[in-house]
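Beneath this line is the structure, given in structure tokens, with notes to follow.
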């Protein structure tokens, strides 16, 4: 571990670290994707830690304007440092430089490199990329991605913003015809960015050709003032993301050159003729699939931070009745119920971590084919990314909140770092597609897979089990509850639920109900099917990664953690398929045994994520475990403590205590 020890390490944490049954460093290499990546990440952490420009007081004591200004400064400073260190073209290095430099500040220019640049890469013609991409990569321009409107989110075809082609000037006229058509939410749109990829309905020669993307300049490159017809600004305070200027954009007949339509897959010729090169609708989802794959990874990383804080705190916090006279109070982590609450969060974290890597690899495997017009695996990729985005962000928010509650009153304090983690991960449940809608998109895909399987057609790898014949429920009693058996049960559960819902759906169709009405009738059940399908994917990725570990001790502890994940899913989903009471009881007993087995490795499992104090930003999750001294030091920094007597006493309290009416003050 490279985490700096500010004071003598709390002996309780030292004791817990000594209990590890596996080499923590080797597990860190696995999580990082190799020893080389771990060493590179640590070099970056050291560079940032030594740079005084990234030091500042706790952001919790700043106004929102101060937080935004600081975030802009740090985000641009990060880009400057990356350029100086020749790391701009290294995605791994630049990603971790941003994470360690801005651990609790959401970057105002984040959408520039997460969505704006990838969209230019994937949706521009070769000529357009030559004109714009290098400028974007060099940060000569800063862009965002403006798709969501005040009245329209996931339903792309409902977008109201129009782009009407004028052949006389060879320009597109971008317009927001209604209040609900105003772009709403894009990060960096309020004050930071000067360009945006705007998604709008393309109209030419009196016909609408659906949604397309357009590069629109919003602000003057020299003065940064809004251009004529462009009305944009910040949408105001939010539950979280205080450092980013989520914005609104109203376009009042803004004209852009014809060439500013992103034309890799379709174009409008000078005379207004529309030419589509490939089926454009599917390709529009490319950027969203990429971003949703990142959301799953971010969810896992959010849980890793919260779990590290909560597990460390649970090792140094004593609370409750001593076991005998004169004995110390028990540690929180010694309570089985506390172990269950935290270790299931750790298990979810590892599962999502490995699943996000598999999903990322799938995206980069499929994307080159998509760009060439081969979209056979795009439905699978889209369905998985939508469903895993929902499951990942839901689990991420739930697990972070559970970790916060496990820390009691201190978890409610901003000093713990946990409220900030929660407020930063929770928006993912609604942005880039509200989670229920995402699960329904996955469910729609699964219904189609059932029909294709009935016709004897081949299915994509992650859907292939749907072609299996229905079998009796796998027995969980009588033999060992191995991870493979539990995964087999979850596969059976997913298929059984899906076939039941598909049968119900088909019965509605046979009754001559409209397809949309039949879909709505089964939608509640279908979301559970989609979740079960995605959990199966997570479980498979988890088990495959555990088996791939070369060190048998790491393989063993990861397999045990995977079993805890799978058993918890079996128990929580027992009502979906009527799990027998004996099987349920056996699963509960197995969970109890696993908690006892994993308890000594609790600290090691979270510290394998190798999160330095600088990234955790937590008083109670410190590496040295000196919680109470640090909490007092943090509290003393509160601006309210700048004076012994606050000004409100003289303004209001003194007069009120003297019997004067405040209305007269």
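Keep in mind that glycine also has a Cβ here, set from the backbone N, Cα and C atoms.
All TrEMBL annotations are machine predictions without curation.
Taken verbatim from TrEMBL:
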ACT_SITE  432  active site, proton acceptor
BINDING   148, 187  FAD binding site
DOMAIN    24-142  domain 'Acyl-coenzyme A oxidase N-terminal'
DOMAIN    285-447  domain 'Acyl-CoA oxidase C-alpha1'
DOMAIN    486-657  domain 'Acyl-CoA oxidase C-terminal'
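Distance noted between the C-alpha atoms of residue 148 (FAD binding site) and the residue listed as 'active site, proton acceptor' is 9 Å. Calculated from their C-alpha atoms, the gap between residue 187 (FAD binding site) and the residue listed as 'active site, proton acceptor' amounts to 12 Å. The average pLDDT computed over the domain 'Acyl-coenzyme A oxidase N-terminal' (24-142) stands at 93.
Per DSSP, the secondary structure of the domain 'Acyl-coenzyme A oxidase N-terminal' (24-142) breaks down as 88 helix, 0 strand, 31 coil. Of the listed recorded positions, namely 148, 187, 432, the sparsest Cβ surroundings within 10 Å are found at 148.
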